[in-house]
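K.L.:
Structure provided below as structure tokens; questions to follow.
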């Protein structure tokens, strides 16, 4: 005999199901469940009187040797990813996702993809949202504490360069030369996130570039503070093509060695990652933004200009002066800073993100950007654009799935593809490292509930260790066992070039972390950017700095109020 319950009763027990919508934080965005993998009436839930007990949803006879027996099941989660908004159980084994589907005991339950046995732990995600760990591809490695701050925001991978609080690191995402690269690879052993380092891309002698790739750099950064000349860029791209690594470009703001057209002529048709493509973070003034129309350019934004608010322009001048070691007593330095801050191109940036013309969002950590705000600012932009531009095509009331998939791709799968690590991270898919972020919908985009790193809980909101229950105040982020002992190295990856990997860089430096090679980079094009591959004609008026897409002027209004702000940071 079947049992009937109301939709509210079902949701309170098992979370939302097909057709239900979840509001993301206090934004105007709603995610609607497209598919539910559960068999109604056979949902696996943990707790007193619940179904995950011996002989019920937990199989009493299987052992861990069975490939379908999970080490960890995240039950009844709403998965938001670049290609799906679904309700499912997630099976994790040996630190990797092995299945997305229905968990339980196949002896008594139908359509079981993931077996729960006596060796299985449970994270109850009923009513919660799960996303892939975020990837920040514009990190200045200035301060190792950035890793913890980012982790507590939902970011699990950092890509960039630096050696600490040097002037070179403060201004440029560069880890220069084999000695520094090796020291940073060793330092990464103590970080609770995945990392990859970019070397310095300025040299006419290819040997000076190749030795950095051989040392383990996953790519090269060409930055104007070291000289972003067409010659330097072309030489760096030659080496990148040979070794299948990425080039990240911070182009020539002052147009000293050439204009945007000269840079693109040096690039030819070769792929590169264009940093802060709007230009406030640096790059050809005033028209770097036009590069996003090229099919070989993978464009990203950094978060200080996102979203456009009434404070954005005012705060940027001082940031530029400090970050790039400029002197306020020198008129030319002031002019340099002023040339980068253009409210018209900043106002267009949000719209280009919403149209899928810009493909990624990153931080520019401590070098104008905020390492813990990539995810928050991404969703603030999505909110603002829905507010100003209305629903995207295919979206409707209480269903913003197309916009949600577009925006989540900007800090998950697209950065992973761009830097050749999408085989390992960037989405909730079988075969990938279990870097997973769990959110209470109320706090989505601001404060995760916990972070699973390589299959083990790495960081979580938890109470006083002397409390009688785990929610005793003060509730705050605390390091979990994933950050202790050998787990620090067994749950995170260090990414290196293929040549360094094949030559045994892990053995040469006695690295304990999982070392993996980047791959499949040089054949990329913008068409590979998920949900963010638009290449319209872009123009910038050289006098007014107004931006045009296919001949139509685009802009946005400066926000005076945003979601995901003060109400979440009272304590």
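One-based numbering along the chain as shown.
Just so you know, glycine gets a Cβ as well, placed from its N, Cα and C.
Relevant sequence annotations retrieved from Swiss-Prot are reproduced here:
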| type | residues | note |
| --- | --- | --- |
| ACT_SITE | 324 | active site, proton donor |
| BINDING | 138, 140, 221, 364 | Ni(2+) 1 binding site |
| BINDING | 221, 250, 276 | Ni(2+) 2 binding site |
| BINDING | 223 | substrate binding site |
| DOMAIN | 133-571 | domain 'Urease' |
| MOD_RES | 221 | N6-carboxylysine |
K.L.:
Determine the Cβ neighbour count for residue 250 (Ni(2+) 2 binding site): the number of other Cβ atoms within 10 Å of its Cβ.
P.N.:
25
K.L.:
Check residue 138 (Ni(2+) 1 binding site) against DSSP and tell me helix, strand or coil, would you?
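P.N.:
The residue in question, residue 138 (Ni(2+) 1 binding site), is strand (DSSP, three-state).
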K.L.:
Under 8 Å Cβ to Cβ from residue 276 (Ni(2+) 2 binding site), same chain, six or more residues apart: give me those in sequence order, or none if nothing qualifies.
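P.N.:
Set apart from residue 276 (Ni(2+) 2 binding site) by at least 6 residues yet with Cβ under 8 Å, we have 138, 250, 282, 283, 300, 301, 302, 305, 364.
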K.L.:
Sorry to bug you, but what's the C-alpha spacing from the residue listed as 'substrate binding site' to residue 140 (Ni(2+) 1 binding site), rounded to the closest Å?
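P.N.:
About 13 Å separates the two Cα atoms.
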K.L.:
Least buried of the binding-site residues 221, 223, 364, going by other Cβ atoms within 10 Å?
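P.N.:
Minimum Cβ neighbour count within 10 Å, taken over the binding-site residues 221, 223, 364, occurs at 223.
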K.L.:
Relative to the Cβ position of residue 140 (Ni(2+) 1 binding site), how many further Cβ atoms are located within 10 Å?
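P.N.:
Around the Cβ of residue 140 (Ni(2+) 1 binding site), 27 other Cβ atoms lie within 10 Å.
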K.L.:
Other than 138, 140, 221, 364, which residues of the chain come within 8 Å of the Ni(2+) 1 site, judged by Cβ distance to the Cβ centroid of those residues?
P.N.:
139, 160, 161, 172, 173, 248, 250, 275, 302, 362, 363, 365, 367, 369
